[in-house]
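Notes to accompany the following structure.
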């Protein structure tokens, strides 16, 4: 890549509308999903430690605690697919910022 | 020891040596040595990450924990898995975008301070040494059981093999040994799960019903609370499991072996799926062992339950499967310790020697020499420590390593990428606060202090109540970084603008 010869003005890139929009979109999916999976995860040990309702049977001898545990796996697989989709959608915008701004030294 | 076991064992040794020979011919630069020249594909690296993660502790330890403690053993599987969402969402891509070989490189993308680099190298080395002793002592004990050889010979065999892989083949050999092992391990797990399910007529409901009466715990076996009775203690353990992974040096190093953030992303996805499937299968292994081997026999072989998986293989698949699973367990240990040596060596040779002592003014030849010398030194040191630690109960060292990784490394990684005001002083206080609080609290915990003589390192009432202090030490790491930052006036918004742009859009001037 080029850009070694000229000094890139990153402050200008950072403050550009294009980058600001990019960051808003990035934050919009990273933050809520992170909060969601951490809450979902910690609910399991909190529920098993302080309540006993998960011990009621759900399917035969399989109780709700196992279904909650399996749901953690399902959540992980689903969120990994979501992440790829959302992050992939932003790749193009990132490339545009590199092409339009950084490789021109930060001038938008 | 029978002929099949020896034959498979030798086949694994031979295969890994062929890989190392081929890798040695392709290891020409320091970049090749530390990070395989960034040349792994996303899929290859994903499998290698799974390999690094699925250590003997995961494979044998969790299967044993589920066999003995039912649901409580499964907590580990869940914590280790969700940890990958933290890696995926918060750490992997910015890390790849900012770093070169080590965690310290990444933090130094923001601060050109030797002290910060030194602090990061210190926490890396501490984690590696603890983790390594735990792995080697575990390996020695395990190989002793599997092959009937003496502890010190077992440690030496593992030690010499790992030294050979790293010294000659660097990251290329380590990665490919890891990939081969991960594939073998998954194959072994799938075969065993199939056999277990077959015995239960492919009826999961029947499996649950059967284990309800298979153990001395009775119906309680299927409920949480057999092992973890203290609520906050359990939550504290879960904090360490879910946040520790994204601070483990040998896992972080894996993100530098691919060419860019996109490839890093695809490798985390591959790893998440592989690891997810693996951890679901641990349930079948654990239940299978509880039903077909029985608790008495598992405990007789090893009080920690580590022999549950190999014994299950013997019970459902006979001698051949036992030999295969034993050989896979051996390969698992070898691959993981090799990765650990490499991450320890990079902190010594790259961070401490090349960047701090030589101030970055080293030739390619000197760097390579330093990398190899450091690898040799890390190997020898850990072999000696492992030989001396035979009689100690070292199981707590793994959770200590996770706890330090979560408390000392994760806060500084997150602050570096996401907090504008963060500065040099904050980086140092974050690392030190996390590192010291984790060390001190573990030293006062039931892992190190026990009223029963010989059960732990120190005899006495534990001062701190939880075996794993992450619930306290992780917030202390974050708090340390916060206080250090606001007490210092230093702030460099221009540099942060650069880091923020680079970390998020994946632009790298050198590439």
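Cβ coordinates are placed from backbone N, Cα and C, and glycine is handled just like the others.
Any TrEMBL annotation is an automated prediction that lacks curation.
The stretch that TrEMBL tags with transmembrane segment, taken from the ranges B:180-198, B:199-217, B:294-312, is B:180-198. For the transmembrane segment (B:370-389), the residues of the chain that approach it from at least six positions outside its boundaries are 30, 33-34, 128-129, 132-133, 136-137, 140, 152, 155-156, 159, 162-163, 166-167, 170, 337, 341-342, 344-346, 348-350, 353-354, 362, judged by C-beta separation under 8 angstroms. Remark: the transmembrane segment (B:466-487) contacts the transmembrane segment (B:232-256), by the rule of 3 or more CB pairs under 8 A.
Fewer than three CB pairs closer than 8 A are found between the transmembrane segment (B:6-24) and the transmembrane segment (B:395-418), and contact between the two stretches is not assigned (pairs 6 or more residues apart). Contact between the transmembrane segment (B:180-198) and the transmembrane segment (B:320-349) is supported: at least 3 Cβ pairs lie under 8 Å, counting only residues 6 or more apart in sequence. Same-chain neighbours of the transmembrane segment (B:74-95): 53, 58, 61-62, 65-66, 106, 224, 228, 234, 237-238, 240-246, 251-252, 255, 261, 264-265, 268-269, 271-272, 275-276, 279-280, 282-283, 286, 410, 413-414, 417, 503-504, 506, counting only residues six or more beyond its ends whose CB sits under 8 Å from a CB of the stretch. Highest Cβ pair count under 8 Å relative to the transmembrane segment (B:116-143), across stretches B:149-168, B:232-256, B:320-349, B:395-418, B:425-446: B:320-349. Most Cβ pairs within less than 8 Å of the transmembrane segment (B:320-349), among stretches B:149-168, B:232-256, B:395-418, B:425-446, belong to B:149-168.
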